[in-house]
Amino acid sequence: GRCCEGPNGCSSRWCKDHARCC
């Protein structure tokens, strides 16, 4: 799966810190 899957998607703090995963 992709790092940014889930209810918050790429708007979550973790995904902002790891944007290349999106």
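Note that Cβ sites are derived from N, Cα and C of the backbone, with glycine treated the same way.
What Swiss-Prot records for CYS3-CYS15, CYS4-CYS21, CYS10-CYS22 is disulfide bond. Feature annotation from Swiss-Prot assigns cysteine amide to CYS22; the stated evidence is similarity to another entry. Sequence annotations record features per position, and here Swiss-Prot assigns site 'Important for activity' to ARG13.
Most Cβ neighbours within 10 Å among the disulfide-bonded residues CYS10, CYS15: this distinction goes to CYS15. Put simply, CYS4 (disulfide bond) is 10 Å from ARG13 (site 'Important for activity') when counted between their Cα atoms.
Geometry remark: CYS15 (disulfide bond) versus CYS4 (disulfide bond), CA distance 6 Å. Rounded to the nearest whole angstrom, the C-alpha distance between CYS10 (disulfide bond) and CYS4 (disulfide bond) is 5.
Cβ neighbour count for CYS4 (disulfide bond) (all protein chains, 10 Å cutoff from its Cβ): 17.
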